[in-house]
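Engineer: Take this structure first; my questions come after.
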Amino acid sequence: MTEKKYIVALDQGTTSSRAVVMDHDANIVSVSQREFEQIYPKPGWVEHDPMEIWASQSSTLVEVLAKADISSDQIAAIGITNQRETAIVWERETGKPIYNAIVWQCRRTADICEQLKRDGLEDYIRDNTGLVVDPYFSGTKVKWILDHVEGSRERAKRGELLFGTVDTWLIWKMTQGRVHVTDYTNASRTMLFNIHDLDWDDKMLDVLDIPRAMLPQVRKSSEVYGQTNIGGKGGTRIPIAGIAGDQQAALFGQLCVKEGMAKNTYGTGCFMLMNTGEKAVKSENGLLTTIACGPSGEVNYALEGAVFMAGASIQWLRDEMKLISDAFDSEYFATKVKDTNGVYVVPAFTGLGAPYWDPYARGAIFGLTRGVNSNHIIRATLESIAYQTRDVLEAMQADSGIRLHALRVDGGAVANNFLMQFQSDILGTRVERPEVREVTALGAAYLAGLAVGYWQNLDELQEKAVIEREFRPGIETTERNYRYSGWKKAVKRAMAWEDHDK
């Protein structure tokens, strides 16, 4: 029998599909990536072709094994992590989608959400699903498809149509239509799932007129769901053994599996999650309550806060303001000055996310004087990412009663040493940057490997987790609070800008 040497993680993201091969020491052996088309039928609408998602993901699986010269019988298991909330409806018989995937960014269901608010359902939705009423989540997207594709609701009631988030769609295709499942983390992002009862919520299904017959079975994040023989040189059937939504996968990849541990992912935006253990903490400060992965893939809970503009604000400096030619240059220019010269940049280009939730806020630069130059503005833009992270962390600490001792970080912007040091300074806590940057894929790999015994337990994984660099606060509390109070003043003045009644 061939030794099972590797784990494969499939990382299905918003703009690309990736496959990563990892060995027993959690080293990356091979990576393959394919981008796919973003479809914008109308302003504010975002779609993907589900067949293109499948084609890009399945081809990366074949490609990543070929690149590493690995046969499928050397793979112990496959783990899947995915863009969350994106909704797909397809025919059970043919596997053919009845409409394009409606992507998490799509705002077309704003009117449905406004009706839910008028119907007085905000408290029910927050109390039972942990979410706010927003087009972001899957439920209203499924309703929209059933409302607009003729005859689809009746077909769904007859069991002819199936709904799934991207993980469910991939597993359906990988198992040739034999397995229709999701995991608790993805289910918790649909606005259809009761996070306390751990079952689909009948009231929400009734309100949105979504037949239960079309919903997947909900399972743990770490167990064998089915097998696939797609990809590789051999015909061996490989267990599919781990599923988690991308942010929960990153939390697990960072081994934040104990109550009070938190990670922040610095991408286009920022996603911060804090594990709250077996207790679902209701937020009074504009955060989401969501399901995370416990030590062996069982249900834990987390608080989540999203910052809309992180890396995107650096792209703005590069593409629109032309102050830098490459995102990596931002650190160089920021360190050419000793501070921001009193400048604050509030990058509220699309409003403000947690904990403010102000869609009418707009971007602004405050504190301009004659002595301010482009380096000050670049530095202030970088600092805004750290300030927004503190906003979210303060909300988390207020909700949970937990004082954070260290923040684990991942995502593209963590390579910026200036930003990471300033993040530590403004939080007053350690910032830990891991050696392995592929923590989302790592989380999916860990979940799959634990399910099949490739790794025995978390203690074994902890030994493999190497912190590449630790950043510690380098400013006094008085200075920290003075700078942060300036940020709070700037945010207050940027809020409600587009709301002409205020």
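Quick reminder: no glycine exception, Cβ is built from N, Cα and C everywhere.
According to Swiss-Prot:
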type: BINDING; residues: Thr14, Arg84, Glu85, Tyr136, Asp246; note: sn-glycerol 3-phosphate binding site
type: BINDING; residues: Thr14, Arg18, Thr268, Gly311, Gly412, Asn416; note: ADP binding site
type: BINDING; residues: Thr14, Thr15, Ser16, Thr268, Gly311, Gln315, Gly412; note: ATP binding site
type: BINDING; residues: Arg84, Glu85, Tyr136, Asp246, Gln247; note: glycerol binding site
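Where in this structure would I find these features, and how exposed are they?
Structural biologist: Of all Cβ atoms in the shown protein chains, 25 besides its own fall within 10 Å of the Cβ of Asp246 (sn-glycerol 3-phosphate binding site).
For Gly311 (ADP binding site), the count of additional Cβ atoms within 10 Å of its Cβ stands at 18 [all protein chains shown].
Under the DSSP three-state reduction, Thr268 (ADP binding site) is assigned to coil, being neither helix nor strand.
Listed in sequence order, Arg84, Thr265, Phe271, Leu273, Glu304 are the same-chain residues six or more apart from Gln247 (glycerol binding site) with CB atoms under 8 A from its CB.
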Engineer: Write down the Cα-Cα distance for Thr14 (sn-glycerol 3-phosphate binding site) and Gly412 (ADP binding site), rounded and given in Å.
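Structural biologist: Cα-Cα distance, Gly412 (ADP binding site) to Thr14 (sn-glycerol 3-phosphate binding site): 15 Å.
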Engineer: Out of the binding-site residues Tyr136, Asp246, Gly311, give me the one sitting nearest to Ser16 (ATP binding site) by CA distance.
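Structural biologist: The smallest Cα gap between Ser16 (ATP binding site) and any of the binding-site residues is with Asp246.
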Engineer: Count the other Cβ atoms sitting within 10 Å of the Cβ of Thr268 (ADP binding site), across every protein chain shown.
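Structural biologist: Here the count is 18.
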Engineer: Given the binding-site residues Thr15, Arg18, Gly311, Asn416, which lie within 10 A of Tyr136 (sn-glycerol 3-phosphate binding site) by CA-CA distance?
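Structural biologist: None, since no candidate lies within 10 Å.
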Engineer: Among Thr14, Thr15, Ser16, Thr268, Gly311, Gln315, Gly412, the annotated ATP contacts, find the widest CA pair distance and round it to a whole Å.
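Structural biologist: Pairwise Cα check on Thr14, Thr15, Ser16, Thr268, Gly311, Gln315, Gly412 gives a maximum of 19 Å.
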Engineer: In whole Å, how far does the CA atom of Asp246 (sn-glycerol 3-phosphate binding site) lie from that of Arg18 (ADP binding site)?
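Structural biologist: So the Cα of Arg18 (ADP binding site) lies 12 Å away from that of Asp246 (sn-glycerol 3-phosphate binding site).
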